[in-house]
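Chemist: Annotation comment: Swiss-Prot describes 1-268 as region 'Amidoligase domain'. What Swiss-Prot records for Ser14, Asp149, Ile150, Glu151, Lys189, Thr190, Lys191, Pro192, Thr193, Gln194, Lys225 is CTP binding site. The UTP binding site feature in Swiss-Prot is assigned to Ser14, Lys189, Thr190, Lys191, Pro192, Thr193, Gln194, Lys225. Residues or ranges marked as ATP binding site by Swiss-Prot on the basis of sequence analysis: Gly15, Leu16, Gly17, Lys18, Gly19, Ile20, Asp72. Swiss-Prot lists Tyr55, Gly355, Leu383, Gly384, Met385, Gln386, Glu406, Arg462 with the feature L-glutamine binding site, giving sequence analysis as the kind of evidence. The feature Mg(2+) binding site is assigned by Swiss-Prot to Asp72, Glu142. Residues or ranges marked as domain 'Glutamine amidotransferase type-1' by Swiss-Prot: 293-534. Annotation comment: Swiss-Prot describes Cys382 as active site, nucleophile, evidence class sequence analysis. The active site annotation in Swiss-Prot covers His507, Glu509 and rests on sequence analysis.
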Amino acid sequence: MSVKYIFVTGGVVSGLGKGITAASLGRLLKARGVHVTIQKFDPYINVDPGTMSPYQHGEVFVTEDGAETDLDLGHYERFIDENLSKNSNITTGKIYWSVISKERKGDYLGGTVQVIPHITNEIKDRIYRVGKSERTDVVITEIGGTVGDIESLPFLESIRQVSNEVGRENVMYIHVTLVPYLGISGELKTKPTQHSVKELRSIGIQPDVIVCRTEKYLSQDMKEKLSLFCNVPEGAVVQNLDAEVLYEVPLMLEKEGLAKIVCKRLGLECKEPDLDEWEEMVRRQKNPKSSVTIGLVGKYVELHDAYLSVAESLRHGGIGNDVEVDIRWVNSEEIENGEVNSFLQGVDGILVPGGFGDRGIEGKINAITFARENKIPFFGICLGMQMAVVEFARNVAGLHDANSSEFGETPYPVIDLMPEQREVDEMGGTMRLGVYPCKINENTLIKGIFEDELIYERHRHRYEFNNEFRDTFIKNGMTLSGLSPSGKLVETIELKDHPWFVGVQFHPEFKSRPNKPHPLFKDFVRAAYEYKTK
């Protein structure tokens, strides 16, 4: 059977949830025995989001093979429960970089390099490459941005050409659009969707399905109107209401018949969907037996998407324990002067996630001190682990001016730049990225959580525990519970005299799934609930 291609575009406004729609469709097709992979094209000129501000872009999601990608890839992996690769996130910057490099090598034989055909051919090559490199029946491709944006035009032209090259029977276009509700008149308005589809058709793409994001139910008359003006079958107008919980969206789209429409349109051999596990997971999330409050201490907390995978992983841990996780977002800058108690009083656990730069660092250290002294479950990730090391050095080991060398001169650089990073000049894509093994020591909390001796986790860092201080930390009560197989890199730390105090250099949030919570997040939430009920 030929590989099938589904393209998901967006109209009217950005932020409608194209990524969630694509991921949900992937889950529904996988439930029918279809092998699915997903990719996203982003129209910005950055090569990847690795050097972009979290305030502009949200979190950077890291794949197994070390690609720094859009946060939507996190949604894709969590929904379809598959590991994606660097081929799954392509930017305008990557496309132009590749084309210009080929031109410099003389690959175009002296021809004039143009958007059509050279840029569009490069885009199509990235689409086909995923279909060839992955064992897949269907490639779902999300086109970032909004129809009508000048930046998206080469991508839209490329996906138009794909249908000519592989056959219209092997291609499907899904357009996600907004049907706004005007409270003053009590009406849903279809005109924005009509104009968005008109714009899409003007460049040669006729959508096969329109997914309507709306806060109110679409009436049958409304669906008939959209069908008429947008030239799609009436049954292909799918409503996508606001969901109570994120992972309910696939079930809502299943009721709307989206996957059946896709299977019929593309001629896919689909079995009856097996969504029992997913339905049970959603039921558990919507009906918790209790709740815990986790204080998430970071410097980008105004934009929750900056910590999207961490927040979702906490919720996964909650599902695994049948408790609801309420996240208390704490700006680390606001607790730099010692006002910790008023911000963290009453929390059942404290999590300090990853990050870069010295802004808000002292607030994170204050939060860690609060967790350590009050025996509150603590979880430090990447920079969070590093700051736990600094806090311990200052307040337990007697190294009062200890710090990370990332933040300036210090007599005790307990966190230091990795040796292989010392000669690196460029910022983008040069960190220790992707999956690396970690060997867990016996008789440790981490060993009890994982059971396995060797685990594989994703990383994104330049700095590490300074081995010159190992003996000092061990002597003062810190356990270095996980190391790289060579024994050179400290991967995990914990405290002997604390019920649950764990720091990890890696990013476990990138491997957590709603139906398969990461063991660390699941046990952290368990410990938080135990702390609450003791």
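Backbone N, Cα and C atoms are what each Cβ position is placed from, and that goes for glycine too.
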Chemist: State the Cα to Cα distance, in Å, between Gly17 (ATP binding site) and Pro192 (UTP binding site), rounded to an integer.
Modeler: 17
Chemist: Give the mean pLDDT for the domain 'Glutamine amidotransferase type-1' (293-534) on the 0 to 100 scale.
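Modeler: That stretch averages a pLDDT of 94.
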Chemist: Other than Gly15, Leu16, Gly17, Lys18, Gly19, Ile20, Asp72, which residues of the chain come within 8 Å of the ATP site, judged by Cβ distance to the Cβ centroid of those residues?
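Modeler: Checked against the 8 Å cutoff, the neighbours are Gly10, Thr21, Ala22, His75, Glu142, Val176.
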Chemist: I want to check the contact list for Glu406 (L-glutamine binding site): same chain, sequence separation of six or more, C-beta distance under 8 angstroms. What comes out?
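Modeler: Counting only residues 6 or more apart in sequence, the Cβ neighbours of Glu406 (L-glutamine binding site) under 8 Å are Phe356, Asp358, Ile415, Leu417, Arg462, Tyr463.
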Chemist: What is the nearest of the recorded positions Gly15, Leu16, Lys18, Ile150, Glu509 to Tyr55 (L-glutamine binding site), using the Cα of each?
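Modeler: Sorting the recorded positions by distance from Tyr55 (L-glutamine binding site), the top entry is Gly15.
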Chemist: Which binding-site residues are spatial neighbours of Lys225 (CTP binding site) here, meaning Cα within 10 Å, out of Lys18, Asp72, Thr190, Pro192, Gly355, Met385?
Modeler: Thr190
Chemist: Test of understanding: give the count of other CB atoms lying within 10 angstroms of the CB of Cys382 (active site, nucleophile).
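Modeler: For Cys382 (active site, nucleophile), the 10 Å Cβ neighbour count is 23.
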Chemist: Please list residues from the chain of Ile20 (ATP binding site) whose Cβ is under 8 angstroms from its Cβ, counting only those at least six apart in sequence.
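Modeler: Ile20 (ATP binding site) has long-range Cβ partners His75, Phe79, Leu246, Val249.
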Chemist: Fewest other CB within 10 angstroms, which one of the binding-site residues Lys191, Arg462?
Modeler: Lys191
